[in-house]
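Report on the following structure.
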Amino acid sequence: MSSNDIEMISVTKAYGSHRAVNEVNLAIPAGEFVSILGPSGCGKTTTLNMIAGFAHPSSGDIRIRGKSQNGVPPEKRGIGMVFQNYALFPHMTVEENVAFGLKMKKRPIGEIRDAVKHALRRVHLDGYGERYPKELSGGQQQRAALARAIAPEPSLLLLDEPLSNLDLKLREAMRVELKDIQEQLAMTFVYVTHDQDEAMAMSDRIVVMQNGVVAQCGRPADIYDHPRSSFVADFIGKSNLLPIQEVQRSGKDWVVSVATGLSLRAKTPDDTLADPPQYCCIRPEAVRLTMVESDASTSANRLAGTLTRMVNLGAYFDCFVTLQDGTVLKSLVRSTRLPGLTSNQTVFLSIEREAVQLLPR
Amino acid sequence: MTSTDTLSITPQPTRLPIRFGQFLPLAPPSIMLIFIFAIPMGMMIALSFRGADGALLTLDNYQRFFSDDLMLAGLWRTALMSGLVAICVTVMAYPVAYYLARSTSRWRTVVFALAIAPELAGVVLRTYGWLVILEDHGAINSILIWSGMISEPLPLSKNLLGVVIGLTHVVLPFGILSLLTSIQGIDPNLERAAQILGASRLSIIRRIILPLSVPGIVSSLLIAFTMSASAYATPALLGGAGFKVLATMVYEQVLFYIDWPLAAVMAVLLLILMLTMTLAGTRAEARLQRKLHV
Ligand SMILES: Nc1ncnc2c1ncn2[C@@H]1O[C@H](COP(=O)(O)OP(=O)(O)OP(=O)(O)O)[C@@H](O)[C@H]1O
Ligand SMILES: [Mg+2]
């Protein structure tokens, strides 16, 4: 038996000449929380629907628990699913909704009753069993949908943007609960979202999709620290992305010339370059802003510019600094660190060489 | 008055006095309805209580109707015919409406056009079409006799069977339309949710689609019933002389027997029949919806 719950082997889904999903290869290990993350229209739902069996790959193979799912209808795949609009049966009570899957599997009545109670308790909906879906709030409906999906104890649960209809506070609370449930039940979760915070907060692994292809797949921290393309760097977290004109070797460093004429020193982990880099990416928190010029002895890149705009994020300021050559760099500054900071003053920036990442696309 | 005074005044209740102006747009249609609908209807009901001796309020005419077995049979036949058509229409319209509601194929438009197209031809025309097919010397019987499968023509027209076939065809598009609206309102994700929970096609139809389309089923049944009960041309043409329903009997009373009060009784009974069914249907709808979902 394979330890991967889902394997997608060069799966393509074409609608006419448009490839909604293009040559996707993916292995999802059992028991992991995997997020599929990407902008609208990149093929997330299509991917999920193919795993569920609602859509069929134009080419390629999907295996669930090691078995090819070619020709296996959704009801025989033994997976659970939570829909974006919850899709609760409006003519059934919450209890009947949760019992539905077990009833279809012809479990004994007593067992169904216990499982329903258990599932409702797990999502904190005990006492709501007699209500109809329309008598629940959005968050409660979301929990009921979750209870219905987990009651038959599938080993694999697909979730298509299940939190997108909830307000921010509830969404953040549900993130924690979803993660707890996934860990307690040791289920494999495939979670579709376009919200990168959500993906970062919950996932063991993130699959970033772009125009039907997998742009990058890896642990959240890896993807954040080492994006493989400007698209990923831009989509996950904030970043300063500068198009590169030329890269030259200088001792152990690389000297990067940016289109505007700025030049920066960069250092790659293994001192090599796989592909000719097209962009350099600097995370705003790696751009250290000071009001006085920093010590000249550091090896970091040292720049000066004018603070043109400050956006208050509460605990942080998003500072936009325009350099002499016109380049604008974003820097994240903790509100309490520089009390006298105002816009239109001259500031100094220092960027460690390791923080200047070179991206091939 | 100072500004603080203004602030301390408790707001007046926002309910406005009824202004007659807002009902003005309703006047023309109301007047029209009163003249062409309410007044004639009232006159007809009054007529049904008019005695032969000039009495204004008598049950004589009703007594005449209910003591005549042939007339009672006509009432019963009307109910039976309309009920059968209602069931046939709804059963046949359901799969078509479901297909139209769910299909994304380009044939959808074609099927939709074909389903509605019969309405473009008049009722009389379509009924004659069925007569050509169903009568003793019609297409079906001719082929069967010619092929030697039967020697005597099958009784396909001039009876209940012929009328039900004809009326079903006439009313079918209305059944499809009322079911279509209802089925289209069911979220397709519900079917997917049921499917992923392990439900077979049959369970999905029985437990999800049917219960949720009860309003559509009821309205299809009611539309088909009332349209059939009040239909004149189809029963008259396909039913033949011996097939009497309330609509054809009213016509007969007015034209041949010149018995207006009795015709009025029949019309009132037809009205009561349709109202009863509509009332029963809408009340059953609520109860059925609760029962079906177990
Ligand atoms: N049934 C279909 N017929 C034709 N094109 C389709 C169909 N379903 C999806 N597509 C196309 O495939 C692409 C991917 O769609 P998909 O629904 O997978 O996007 P998504 O990543 O889920 O987006 P969102 O975040 O907006 O839900 C889109 O360009 C869409 O227009
Ligand atoms: Mg989607």
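Just so it is clear, glycine is given a Cβ too, placed from its N, Cα and C backbone atoms.
The annotation transmembrane segment is assigned in TrEMBL to B:23-49 (among others).
Residues or ranges marked as transmembrane segment in TrEMBL: B:75-97 (among others). Away from its own ends, the transmembrane segment (B:75-97) comes close to residues 111, 115, 160, 163-164, 167-168, 171-172, 174-176, 179-180, 182-183, 216-217, 220-222, 224-226, 228-229, 235, 243-247, 269-270, 273, 277 of its chain (Cβ-Cβ under 8 Å, at least six residues beyond either end).
Among the features that TrEMBL reports, domain 'ABC transmembrane type-1' is placed at B:75-281.
What TrEMBL records for B:109-128 (among others) is transmembrane segment.
The transmembrane segment annotation in TrEMBL covers B:160-180 (among others).
A Cβ distance under 8 Å defines the sequence-distant neighbours of the transmembrane segment (B:208-234), meaning residues of its chain 6+ beyond its ends; these are 78-79, 81-83, 85-87, 89-90, 93-94, 97-98, 123-124, 127, 163, 166-167, 170-171, 174-175, 178-183, 186, 190-191, 194, 199, 245-248, 251, 270, 273-274, 277-278, 281-282, 284-285, 288-289, 292-293. Look at TrEMBL and you will find B:208-234 (among others) tagged as transmembrane segment.
Among residues of the same chain six or more beyond the transmembrane segment (B:254-281), those with a C-beta under 8 A of the stretch's C-beta atoms are 44-45, 47-48, 50-52, 61-62, 64-65, 71, 74-75, 78-79, 82, 218, 221-222, 225-226, 229-230, 246-247. The transmembrane segment annotation in TrEMBL covers B:254-281 (among others).
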- Tertiary contacts of the transmembrane segment (B:160-180), defined by C-beta under 8 angstroms and 6+ residue spacing from its ends, are 77, 80-81, 84-85, 88-90, 92-94, 96-98, 100-101, 115-116, 118-119, 123, 126-127, 130, 134, 213, 216-217, 219-220, 223-224, 227-228, 231, 234-235, 237-239, 243
